[in-house]
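According to Swiss-Prot:
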type: BINDING; residues: SER62, TYR131; note: Fe-coproporphyrin III binding site
type: BINDING; residues: HIS194, GLU282; note: Fe(2+) binding site
type: REGION; residues: 357-377; note: region 'Disordered'
Amino acid sequence: MNARTPDTKSDSYDALLVLSFGGPEGPEEVRPFLENVTRGRGIPPERLDEVGAHYYHFGGVSPLNRLNKEIIANVKAELAARGYDIPVYFGNRNWKPFDNEAAEQMAADGIRNALVFATSAWGGYSGCRQYHEDIQGMRAHLEEIGAPEVTFTKLRQFYDHPRFVRTMAQYVRESFDKLPEDLRDEARLVFTAHSIPLNSKDADGNPIDGSIYSRQVEESSALIAREAGIDDFDVVWQSRSGSPHVPWLEPDIVDHAVELNENNGQKALVVCPVGFISDHMEVIWDLDSELMDEATRRGMVIERVATVGPSDEFATMVVDLIDEMEMKRVIERLGTLPVRGSTVNGEPCVPGCCAPRRRPAASQTNPNADAPVASRS
């Protein structure tokens with residue numbers, strides 16, 4: 001199966017695949033899901049138990065699949081409103097419905113030239129290239145079982161799309177309005193996204209525009225703040241794991257809140273999870289549980305900004321991205337950093353971009369060390 005570039009695509013696509021990370025939908029699914037996520041990484045069982053406790057706290061259910069289904073329903077409605085008559089499929093890397101199963105169904109249904117919307121706004125390995133690898137895996141699976149070939153064209157990164165920025169800015173303003181009136185003027189806006197190891201940060205992008213993920217997060221945050229009419233803000237990180245000896249992007253959101261409170265007497269924060277399009281586990285545990293608990297102990301008030309994924313405006317943006325491909329429209333964007341991500345059949349955006357850093361097996365490092373068990377989605 002030969003990969004192609006977007007310049008050689010056909011003029012019409014016959015399906016859309018929403019490709020995501022996956023999450024358990026019951027207690028019995030938690031451990032198998034985590035084993036899928038960590039397969040081949042040598043993660044100690046006790047680390048899986050620790051992360052599993054986060055899911056069990058919510059009944060063993062991640063909200064991610066439900067929220068993705070909301071996105072799909074909204075996208076279907078927007079497609080119909082614009083006169084598109086194409087089916088929408090759903091597949092995950094790590095849990096049901098699996099991406100290979102979605103690819104099988106697409107091939108059986110006669111789909112031959114599909115678009116792929118990955119539920120990540122960003123560049124970088126976890127935010128972009130890993131989805132290209134998923135596409136390569138789906139095509140290899142179809143070839144292995146003798147199914148008809150399906151061509152997959154991934155839609156581009158959208159961290160600075162006007163609809164994404166405007167909707168997030170609207171949600172930021174609404175969060176400020178929810179604060180007690182006497183705290184609004186002094187409240188600080190803090191953007192947060194999933195941390196990554198510094199060696200992965202340096203590998204994101206190509207040799208010319210490295211660290212693309214962290215730079216896109218910073219630019220997106222600045223665009224949202226400006227649209228919301230806010231001059232001063234912070235960009236921080238969350239959900240780090242792994243050995244404490246491995247440096248990750250900092251500061252951590254909880255550490256930052258504590259520092260603002262202790263050093264500046266900060267009493268109120270508006271926290272915007274810009275790195276996440278939906279309220280999945282990193283949002284509802286790390287922010288709505290851990291951060292809120294620390295804030296309560298300190299007498300701080302925190303308003304957590306809503307995520308954009310379930311909104312009608314987000315679905316409109318997804319179909320805008322489809323329009324760009326179908327009609328060869330000039331892309332809509334507000335930022336200045338490179339925007340890539342759209343290739344055919346899982347080809348990297350440019351040779352060598354966003355290369356994964358090889359993780360040593362747990363037995364080769366600290367046998368009691370944590371290891372990453374989550375990815376941006």
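Using the three backbone atoms N, Cα and C, a Cβ is placed for every residue, glycine included.
Recorded residues GLU282 (Fe(2+) binding site) and SER62 (Fe-coproporphyrin III binding site) have their alpha carbons 10 Å apart, per Cα-Cα distance. Over all protein chains present, the Cβ of HIS194 (Fe(2+) binding site) has 27 other Cβ atoms lying within 10 Å. Across the structure, SER62 (Fe-coproporphyrin III binding site) and HIS194 (Fe(2+) binding site) are spaced 17 Å apart at their Cα atoms. Under the three-state DSSP scheme, SER62 (Fe-coproporphyrin III binding site) falls in the coil class.
The Cβ of TYR131 (Fe-coproporphyrin III binding site) has LEU19, VAL116, ALA118, SER120, LYS154 as same-chain neighbours under 8 Å, each 6 or more residues away in sequence.
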